[in-house]
Amino acid sequence: MSFFKKMKERLFKSSSKLDEGLEALVEEGGTAEPEAPAAPQPPAPARAEAPADTADASSGAPDEAPAPPPAPVSSPASAAAPAPESRPGFIARAFGTKPGEVKRVLDDAMLESLEEVLIQADMGVETSIKLSARLAEGHFGRRVGTREIKEALAREIAAILTPVARPLPIYAKRPQVVLVVGVNGSGKTTTIGKLASQLRGAGKSVVIAAGDTFRAAAVEQLQVWGSRAGVPVMTAPQGSDPASLAFDAMVRAEAEGADMLLIDTAGRLQNRQDLMEELAKIVRVIRKKDPQAPHNTVLVLDATTGQNALSQVEIFRKIADVSGLVMTKLDGTAKGGVLVALADRFGLPIHAIGVGESIDDLAPFDPDEFARALTGFGD
Amino acid sequence: MFEALSDRLSGALEKLTGKGALTEADISTALREVRVALLEADVSLPVARGFIKRVEEAAQGRHVVKSVTPGQQVVKIVHDELVKVLAGEDEEPGRLRIDNPPATIMMVGLQGSGKTTTTAKLAKRLKEREGKRVLMASLDTRRPAAMEQLAVLGTQIGVDTLPIQPGQTAVQIAKRAKTQANLGGYDVVMLDTAGRLSIDDELMAEVEAVRDETRPRETLLVVDGLTGQDAVSTAENFDGRIGITGCVLTRMDGDGRGGAALSMRAVTGKPIKFVGLGEKMDALEEFHPERVAGRILGMGDIVSLVEKAQEQIEAAEAERMMKRFQKGRFDMNDMKAQFDQMLKLGGMQGIMGMLPGMGKLSKQLDESGFDDRIIRRQIAIIQSMTKAERKNPDLMQASRKKRVAAGAGLEVQDVNKLIKMHRQMADMMKKMGKMGKKGLMRGALSQMFGKGGMPPGVAAPGAGPALPPGGFPGLGAGKGPALPPGLGGLSGLSKKK
C-alpha cells in the first residue's frame, strides 16, 4: 500500500493552503475560548486599572477601553467585536495558560470568507456558496473552531462525493472497450499506461489502441507505457483515421480473446467542433462493431484546470457519452476542488486519481480521504 | 453559465440609476458582480481581490456618461483597468531578447502545459519572421518519447534538433546544445525542459542547474490557459525558484475565460509574451490584452455600449451645433469647436485616412503643406481673441487684429485669412440653413460627392453640420483640397469602425 501512503501524503501537502486559509480565517476574527466559563485570572476591576494587561486578551474580551466592560468575559457579545491585534491564542500560550481552541462566531462575514477559501480550491462560485450555506445550517451564530469547520466541511464534501466514487466497472463482456478522451495535455496517455498496468495486475488480458494519430510521437509514448505494463499496443501511422484504428483494434481484441481494450484518443479542446466530430465518428464506428461499446468512456481531467472543467464534462458527455472521470496531477499544488463542483452538477462517477508519474501512481478515488485532504481535517 | 453573466450583470445594475458621478453604492454593487465574474473566469482570488480594490479607487467619483447606467460605466472602468494590468509596460509583447547569438531560451512549466508544442511553434516563428537559425533541444528525460516528439516537430517545421543521445542528464544535454550552437553558428538555442510540479524539489533543482549552466536570455513559463486558482502557486513557485522572464499562455483557443492570464501578470509582474491558439505549428500569436480582457469579463457588449454612448454624446453635441448653424449663427467659438473636433479625430491625416477613396487626396494634402500645425495656429488665433470678439468677429478692427496676431505669435495677414475663412463658412452655413434639413443634406451630399469622390452613404446622415465644399478657403495656400464635409458627422462615422 505504499502508493496509497504516498497519495495521502501528497494530498495533504496539496491542501495545505486551504487548511491555512481556514485557520487564518478563524483566528483573524476569533478569540480563544476559556476552558472554564468563568475566566480564572482577570477579574473585571483589575482590568480597568491596567488596561494594557495582556492577560485579558486570553479571556476573550477585546475591549481595551478604560470603561470596564460589565459583560461576562465569555459572553457572545464580547466576541462579536473581534480584536485581531490581540492574537489571543498566541498570548495565551505565551502566558503558559492552557489555550482554549480559537473560536469565532459564524456570521455573514465569516461565511463570505469561507466561500472565498472554497473558491480558492477551484470549487467554483456556485458550489462554494452552496457548501457554505449548508455549513451555515446548524452552525450560524454559534462559536465555531477551525477543527469544527473543517470537520463539517469535510462531511459536506464527502456527502457530495461519496455517491460518485466508483471504480471503473468491469463487465463480463469480452472485450470490454474503454475509450479515453480529454483535452490536450490532461494526461490521457499516461493514465492509460497506469490503467493497463493495474488491470493486468488484476489478471486481465489487455490490449491498447494508440488512437492519438495526430500528435507527434504520441504513439511512441504509448508504446513505452505498453512495454512497461507488459501490454501489446496497436498502432497506426501518424495522420491516419483514428476511427478505423479503433475498429481494427476491436477486431483484433476479439480475435485474441482479450478482456479489455483501452483506446487512446488525441487531445482535443471541447469547443473545437471539427475535432469533436472526429470523436463522435470514433464512437459511431466502434458501435458498428459492437452496439454496446464503448462500455466505458473515461474523461481525463487535469487537476490544475479551473472552471473550464465544467464545460469539458458537459460537452464531452454530450458528444461521447462520458461514463466516468479520472483526475490527474493531484500530486501538485492544485487541489482539484473542481471535482466537487462536477460531482454536484453532473454526478458522473469518479474512477481514479493520478498522483504521480510512475506506473503505480493511479489511486482509487476515496471521497472521505479527498474531502479531508481538501479541508485539511484529520491531520 | 458564462453567457448568463452579462444578463445577470445588467439585471443587477439596471436598478442603479442616477446621474452625474458614481456613488460608492453604485460602485460596490457593480464590483460585487464583477468579482464573481472574475472568479468564475478562474482569476485567482487574491489577484481578483487586489484588482477590485484598484478599480474601486479608479472609479470613485468618475463621471457617468449619459445614457448608460452607472453599473455599466463601472464595467467600462473595469475593462480599461484590466487592459492596463494585462498590458503592463511591455510595449512589444512579441519581442524576445535574443540578440548576441547564440541566445538561449528555456521553456519551463507543469506537465501537459504545452511546452514542447510551444517550443516548436516559437522556433518556427523565430525562423520565419526574424530569419534566425534555431536549434531545439529536448531536456525531457522523463516522459516517454518526449524527445522524439520534438524531433518530429523539428522535421515538420524545418528546424534542427539536437541529436538524441540516450542516457544523458538534462544538464549534459543542455551543455551539448550550447556547444553545438556555438559550433554550428546558431542564433537561438531553445531548451524544452521536462514538465515538473512546482513543489518537486528534485526536479526544480534540475532546472536550476540547467539555468546556471546555460544562462538563458529568456526563461518562459508555459501555462495552460485553462488553469484555475492554482495559477498563482505555479507562477509564484517557478518565478521564485528559477526566475522567469515571461509567460506563454497555451490553449487560448479553448472556451476557457483565460483568467489565468490576469493571475500570471499580477503575481509575477512578468509580461505575457505569446498565446497558443491551436495545434497547428503557426498557431502562436503575440498577446493582445484587449482581447483577453473582454474574454475574462465575458461582457464585451457592455464595453462597446459605453463607447457607443460616448459617441452619442458627441453626436448630440453636433446636433446642437447644427441647429445653431441653421439659424445662421456661426461664430469663432463654433469654428474653434470644429478645429478641435478635427484634431481629436487625428488631424487632417487621420480624417483622410478614415475615408475611403481619400488616399490620393491625402497625398495632395502633404504637398500643399496643409498639416495639423495650421489647424493649431488657427486655434491659437481664436484663443487670442476676447470673448466678445469671438462672439462677434465683425468687431475686429486693425488695432485689434494686430493685438490678436501678436498674441498668437503670427502676422496680421494670418488673422485676416482666418476672418475671411470664417465669413465664407458662415455664409455657407446660412445658405444651407435656408435649404432646410432635408434639402441641406441632399444639397450638401451632392456637392460633397461631386468633389471628394466619396461613395454615397459614407457620411452619417443628419449627424452633423456639413461644411461647404472647398472647405476652409485660405488654408493650405489657396489650393487646399476639399475638406471632408460634415465634421460633426465624421465623429460618429469614424468611431464606428
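Every residue gets a Cβ built from N, Cα and C, even glycine.
As annotated by TrEMBL, region 'Disordered' applies to A:15-85.
Here TrEMBL flags A:27-36 (among others) as compositional bias 'Low complexity'.
Feature annotation from TrEMBL assigns compositional bias 'Low complexity' to A:46-64 (among others).
According to TrEMBL, the compositional bias 'Low complexity' annotation covers A:74-85 (among others).
Residues or ranges marked as domain 'Signal recognition particle SRP54 helical bundle' in TrEMBL: A:84-161. Looking just at the domain 'Signal recognition particle SRP54 helical bundle' (A:84-161), the mean pLDDT is 76.
According to TrEMBL, the feature domain 'AAA+ ATPase' maps to A:174-321.
Marked as domain 'SRP54-type proteins GTP-binding' by TrEMBL: A:175-376.
Classification of A:Arg268 (GTP binding site) by DSSP places it in coil, neither helical nor stranded. The GTP binding site feature in TrEMBL is assigned to A:182-189, A:264-268, A:328-331.
In this entry, A:Gly185 stand out among the binding-site residues A:Gly182, A:Gly185, A:Lys188, A:Thr265, A:Arg268, A:Leu330 as having a C-beta under 8 A from a C-beta of chain B. Classification of A:Lys188 (GTP binding site) by DSSP places it within a helix. Counting residues of the domain 'AAA+ ATPase' (A:174-321) by DSSP class, helix then strand then coil, yields 71 helix, 26 strand, 51 coil. Using a 10 Å Cβ-Cβ cutoff, A:Lys188 (GTP binding site) registers 27 neighbours.
Taking a C-beta cut-off of under 8 angstroms and a sequence separation of 6 or more, A:Thr265 (GTP binding site) has the following same-chain neighbours: A:Leu179, A:Val180, A:Val181, A:Gly182, A:Lys188, A:Gly211, A:Asp212, A:Pro242, A:Leu279, A:Ile282.
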